[in-house]
Each structure stands twice: as C-alpha cells, then as structure tokens.
Amino acid sequence: MGCAGSTQTKRDWKPLENRSCTDIPWLILFTLFCIGMLLIAGFSVATGAAFRLLSGYDSYGNTCGQTNEKIPGIELSGQNHTGKRYVFFLDPCNIDLTQRRIKSLALCVSSCPQTTLQTYYDIRNFAITNNSLLCTYDLNPSQYTSSRESTTKCPKLPVPASKSLPVFHRCMPVNISCYAKFAEAAVNFFTDSSVLHTVAAGVMASKGVIIGLCVMSLVLSMILMVVIRYISTILVWILGAVVAIGSLVATGVLWWVYVDHQKTAESSQPGIEQNLARENATALLIYAIVATVFTVVLLLLMFFMRKRVALTIALFHEAGKVFIHIPLLVLQPFWTFLSLMFFWICWLSVLLFLGTAGKPVKNQEGLVEYQMDGPLQYMVWYHAVGLIWVSEFLLACQQMTVAGAVVTYYFTRDKSKLPLTPIVSSILRLMRYHVGTVAKGAFIITLVKIPRLILTYIHNQLKGKENACARCMIKACVCCLWCLEKCLSYLNQNAYTATAINSTNFCTSARDAFIILVENALRVAAINTVGDFILFLGKVLVVSCTAFAGVLLLNYQREYTVWVVPLIIVCLFAFLVAHCFLSVFESVVDVLFLCFAIDTKYNDGSRGSEYYMDKSLLRRNTGLISLDTRCFSVPYLQKPLNFNKY
C-alpha cells in the first residue's frame, strides 16, 4: 500500500514546519471512488428508480403519477396514472416480518380514504365521489359487491382511514393499532397490544421530561470534559486503593479458609471424609499461593507504575486546559454526527433507488417485482463498500482535526499566540494537505471490517444448525479481526498525530508513531488502563445523574404511570452522548501523550533544545525525565520559538 521504499533515516521532528501534501495517490484513488458512487446515484435517478421510489408503484409495475409502458406478460400494466398519485394497499396491516414489507396488493389511486369504509357500498360511493378506485383496475364501481371476486380484488373490510406519507405518497392508516402485532414481534417484549398502547402513551405523555433529561445529559457531558481533570486524581487513587485492599482481603480470606479446612482434615476420622477434606485443603492451598503471588506482583506493579499513573493524571489535567484554550473541540462530535447522518441518509436513499432500478419480473402470484441482476448487483456491492470506507473516512477526519488542533496547542510555547480558531486551522490543513493520508488510514480499517462483517453474517446464518465446530471457528476469526481492527484504529490515530506534526505520509507516520509507542510501552499501558477506567466512571456518572434526575421528575409528576421505558430511553441517550464527548477527550489525551513522548525524546531542556510541554506538566513529571538540574531552567522554558508556520 505504498509502504515500500520507506527510508530508515532518523526522523527530524519539526512540528508545524515544512508542510506538504501527503499520500497523493490515495487522494486520487479516493476521489475516483467517490465519483463512482456519484455515478451510481446518477444512474439510479436517470433510470427512473428515484421517481419510482418516491412516487410509488402498484403491483403491476405501473409508476403512480405518470403514463406507463406495457410490460410483456403483465395484464394490467401500461396504465395511465397521470391523475393517480398515491399508493393504496388493499390490506395494509398484513405485514411480512421475514421480508420486512407489507404483503398486500398495491394500487395507484387518486386520493386516500379519509374516513373508515365499513361496506362495499361505502367503497363504491367513495370511488364515485372522489374518482378514486380502491379495487383492481379491471373492476368497475358497479361491481363493488360482496361477491367472491370483490373479496380478492377489493380492500379488506373495514377499510381504515388513511393519510398519505410526506414525500413518499403512500396511503397509510391513521390509527397505527393495526401494527401492534408487528411491533410486538419485532420487539419481542410486549405480550398484548394493551401493554404496547400503555407504554406508547406513557412515552408520549413524558416526552417533555425525556427531552429535558436528554439536554441535561448533553450539558453534563460538556461540563465533565472540563472538570474531569480536577477529579481524575481522586478517582485514580480510589481505584488503586480498592484494587489493593480487595486483592489483600481476597488473599487473606483464601488463607483463612485453607487453615480452617486443614484443621478439619486433621480432626476428621481416617477414611473417605478425611481424604476429601485433605483434597479440598490442597486445592485451597494452591489457590491461596496463586492469589498471594498475584497480589505481590500486583502491588509491585502498582508501586513501580505509580509515576506513570501520575503521568496519566497530568495528561488528564492538561487535556482539560486544552478544552479551555480550544473550546470548539467540544463541538467536534456534533459536526461528525451531522456529517455521518447526512451521508447515511444519502447512502440509504441511493440504495433504495437501486432496489427499484432492476428489471420488472413476474412472481409466483402473477404480480411484478423488481429484481437486481448483472451489473446492478455489482453496483450494490460497490455502494456497500462505500458505506464503510466513507464512514471511516469521516471518523478519521475528526481524529486528524483533533490531532492537528492539539498539536498546535502543545507545540506553541506562548499560548497567547495560538491561532484564533485552532480547529478551523486544523480543518484547513487537513483539506489542503492530508486528505490522502486520512483516506488511506480509513481504507485499511475497511479492509479489516468487511471480512469481519461477512463472517458475522455467516455466523448468524449458521445459528440453529448442527455444525457447531464451524460456528466456533468463525466466531474465533471474528474476534481476531475485531482485535486487529482495534489495534489498527489505535495505530491510525497516532499516525494521524505524527502526520499533523511532521507532515509525513501515512506509512512513515505509522512507523514513527509505532516506534514511539513501543519505547513507551509501560506508559501506554498505564494510560490505556487507568485512563479508560476514569472515562468509564465519567460515563457512569453522567448516566447516574441523568437517571436520578429522571426518577425525581417522574416521581413529582405522578400522572406519568410508565417509568421504565422513558428512563431506559434517557439512560441510553445519556450513555451515547457521554461516550461521544469523552471519546474526543480520550483522543486529546492520546495526542498529548504522543507529543509528550516526542518532546522528552528529542529535547533535553538545554539551551536550544527546550521542552515544549507546559510548565505545570513538566513539574508533575520531573521524576519521569532523566535530566540534570539545568533542564528545568525557567528562562529556557519561556523562550519562544517560531513553530507556528503552517
């Protein structure tokens, strides 16, 4: 992937200097791929699939709202539906759960019935009054009777009052109670429609509280990103104390139980009972010894890793200062979410267009279905790959943007000389120089994710089959690919940071970042374990506060009879919001760590080789840096260098 030919010369780290374009071939390849996706979208529109999807079509292949051509072998095709703009289903409540579609004959009509039609007489009057035929096209309104022919070619009685959907022109029942079975089967939770209606009514009644609590979780997450630096120290030492005391107590309990069983074995009469007691005592002795060794190793690790844990706390504190200097970092999850939602909506629309762009074929019931064959199937696969690659590309753009802004902050000695909007500057650098690098990193993740998704699909298809060995092997492969994907994602993020610093291509940046990470393996382990735990506690804190506030509000408003579903909705939203925001915080910490590691490796604090790190970060980590006393000369630290050219 363009990695061949990478030189092994020593990397001369020059933050924010000598900016140049990176991975141009991958920029060209990604651009061509996106053009291909646009051509597929244009093809689906040009072939009439877009209009067919939006306007709807009947069961005979006629598109509503236009004049249609005759389809060979379909008797009622080729109809003139210029004045018939709505799709009407004869039995809208007959839903096929397997195929996830309405299993009913569809017709093009002039208008949807606004009131419930109880008899065929009502259907005939509606047809005459509104010039809208609700039975098949080969029946006249005078034939709308209770005959056998009418029962198969006319809507099922009673015909529910319906209303056309916005944009899609489908007549759908106003009362959604007929979908209760579908909802129950899909959710597999409610046992009768009364429970479904009660829950739905409770959610609708408490929608104001739900919206308010969701906003509250959003505000709490934003506040937590700033204040977490003040509580990280307390959380880390609480965690250390709990782990140490817990392991000591567990080990002590095992030794106490061993001694008790040993006394029981000695006092027992010779025989089967004594032998069994001795075997239990022996097993407990082994457990106690293993627990003792584990506790000793754990305590030694905690003792020798205490300074690296202190580095984690210091980086959390520094990350909080980053958000104060660059407040627009808080909005990064919003832009990424909006970009992903816009792309997913466009992608899904094109997929639906492609689903109706196939050739009309006659099914077993004598009706028309559009089937994809030949090149159209390859378009769908191409479109599916685009979903993964472009989604990963957008996520990688967020990582590169955050990395560029944090790198600008870290390697600017005088924080008053920071750009007015480091985030905007980072986005402009990304768009001008590093789109190819981001596209290449996203493609590597795509190469791992596609086979994992395929194997996951195969594993799900094999559920209930007798070949358990094959399912187990596939599951193992899925787990291995998942682990590989996570490792590559972490390496990619650090590669983007190296690119943001040195403006090197993806492979060079990944190699340099990997070397830095290997040299600081213990620090990486401490940051990833302790840091992840702190962030997890932060998510729990946001969810707990939101849930507690929800209980108080719902208890105060006694008219809300259903609490469970609103609280579940609020807690899920709170967790997702906290995860999105704290993921950005985690990215900032990772970028700061790589900058710190590079700073301590290539600078020693002497004149001409001063540290870039903030003085507070330097004071917190003096024990981690092997320096003599001249390394901490404040005048050297305050001397600015011109690293703001980009």
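Glycine is treated like the rest: Cβ placed from N, Cα and C.
Caution: TrEMBL annotation is automatic and unverified by curators.
Of the given residue ranges 337-358, 469-490, TrEMBL assigns the label transmembrane segment to 337-358.
Proximity of the transmembrane segment (234-259) to the transmembrane segment (209-228) is not established, fewer than 3 Cβ-Cβ distances being under 8 Å for residue pairs spaced 6 or more apart. As a quick check, the transmembrane segment (209-228) and the transmembrane segment (337-358) miss the bar of 3 or more Cβ pairs under 8 A, pairs 6 or more apart, so the two do not touch. Between the transmembrane segment (337-358) and the transmembrane segment (280-303), fewer than three CB pairs separated by 6 or more residues in sequence fall under 8 Å, so the two stretches do not touch.
Highest Cβ contact count with the transmembrane segment (378-411) among the listed stretches 24-51, 280-303, 533-554 falls to 24-51 (criterion: pairs under 8 Å).
Sequence-remote contacts of a segment are chain residues at least 6 beyond its ends whose Cβ falls under 8 Å from one of its Cβ atoms, and for the transmembrane segment (280-303) they are 240, 243-244, 247-248, 250-251, 254-255, 257-258, 261-262, 264-265. Non-local neighbours of the transmembrane segment (533-554) in the same chain are 206, 209, 212-213, 216-217, 220-221, 224, 228, 232, 235-236, 239, 312, 316, 560, 563, 566-567, 570-571, 574-575, 577-579, 582, 585-586; each lies 6+ residues outside the stretch with a CB under 8 Å from one of its CB atoms.
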